[in-house]
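Here is what Swiss-Prot says about this protein:
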- 53-82: repeat 'ANK 1' (REPEAT)
- 83-112: repeat 'ANK 2' (REPEAT)
- 114-144: repeat 'ANK 3' (REPEAT)
- 145-176: repeat 'ANK 4' (REPEAT)
- 177-206: repeat 'ANK 5' (REPEAT)
- 214-243: repeat 'ANK 6' (REPEAT)
- 245-274: repeat 'ANK 7' (REPEAT)
Amino acid sequence: MDPSQNPRDLCQIYLEKFMVISNYRSLSFKKQKYLVIDKLSNYNNTDYRDVLQVNGYFTYCVQKNKLDAIQYLYENNLMNPENKSQLFKIAIVHGNIDVLKLVIDYGIDVSLDDHFAITVCTRPISNTENIIQLLIDNGADVTSNNNLPIKFAILKGTINKSVLDLLINNGADIHADEYFCAKYAAKCCYIFALKYIINLGIDVNMENGILLKNVLSDTAYSSNEYTYSCIKTLLENGADISFLDDNDTLKMCRGSKTRNILILLLDYGFDISFINEYQVKDSSKLSEINKILDQGIDPIKFILFTNEI
């Protein structure tokens with residue numbers, strides 16, 4: 001896989017593979033055992049029915065921890081390389097470390113399918129840390145595809161300190177690809193990940209305040225609580241608000257739902273005097289407001305009333 005490809009696109013490819021494997025239906029063990037054994041004896045990977053039945057049987061064995069059934073397939077030479085690969089990936093997706101140990105003992109290459117296992121196992125699955133360590137002990141590369149495993153962990157929701165620690169202690173670079181993880185954590189308001197990366201000593205003012213700008217960029221679409229927490233964390237760790245321009249904060253000045261964020265920035269000295277230079281695009285609106293104020297209405301109370309601050 002091309003490591004220069006956009007990390008988000010790469011992660012999406014692995015996520016799609018993950019979802020395909022996780023959707024194999026678990027088949028009845030008693031009803032399917034002999035049928036599947038027969039199919040494995042004459043396996044046709046171009047027949048989707050064969051593929052679904054075999055992988056469904058593998059899924060059942062993994063979910064129910066049927067180690068004896070899996071051993072039977074190996075000992076009777078019923079597993080071709082493709083079947084072995086699929087069983088391994090199904091065990092990864094379902095987090096079954098017993099099956100993983102078994103297929104590793106039978107010689108599976110843990111880096112198959114362009115390091116699928118070490119990448120997707122950073123998602124929240126059972127035995128995450130033990131599985132990562134098992135893969136590393138058997139040759140998995142946590143820096144594969146330009147450190148994609150740790151990017152996948154950040155992008156796809158494994159906000160888990162022990163998992164991130166394990167990856168980093170085994171060589172993963174969370175600052176790879178021009179601090180992609182930090183920038184993405186800020187943009188998506190992943191507060192734990194952002195704090196974790198800051199604690200590693202990152203420059204919160206990198207690239208002219210890109211982290212603070214990233215947090216503010218999707219304010220309208222993210223949770224106000226997480227946005228506020230991320231901005232507060234950056235400011236408390238020395239983020240310089242002078243990097244912000246008028247466009248970065250204009251929407252917060254206009255929206256009552258983001259007023260708490262605006263107040264937070266003001267507490268740190270943010271200057272919004274540019275509002276005085278605002279040019280009214282629709283003069284009719286200005287005349288409407290003036291007509292209302294001519295009734296003796298207090299401008300401050302009018303703002304409070306109409307914006308429900």
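Placement of Cβ uses the backbone N, Cα and C atoms for every residue, glycine included.
Helix, strand and coil counts from DSSP across the repeat 'ANK 1' (53-82) read 22 helix, 0 strand, 8 coil. Remote same-chain residues near the repeat 'ANK 6' (214-243) are listed as 183, 186-191, 194-195, 198, 204-205, 208, 249, 251-252, 255, 257-258, 260-261, 264-265, 268-270 (criterion: CB distance under 8 Å, separation of at least six residues from the stretch ends). For the repeat 'ANK 2' (83-112), same-chain residues at least 6 beyond its ends with a Cβ under 8 Å from one of its own Cβ atoms are 17-18, 21-22, 24, 40, 43, 54-55, 58-59, 61-63, 65, 67, 70-71, 73-74, 118, 120-121, 125-128, 130-131, 134-135, 138-141, 144.
With DSSP states grouped into helix (H, G, I), strand (E, B) and coil, the repeat 'ANK 6' (214-243) comes out at 20 helix, 0 strand, 10 coil.
Along the repeat 'ANK 6' (214-243), the predicted structure has mean pLDDT 86. Secondary structure by DSSP for the repeat 'ANK 2' (83-112): 22 helix, 0 strand, 8 coil.
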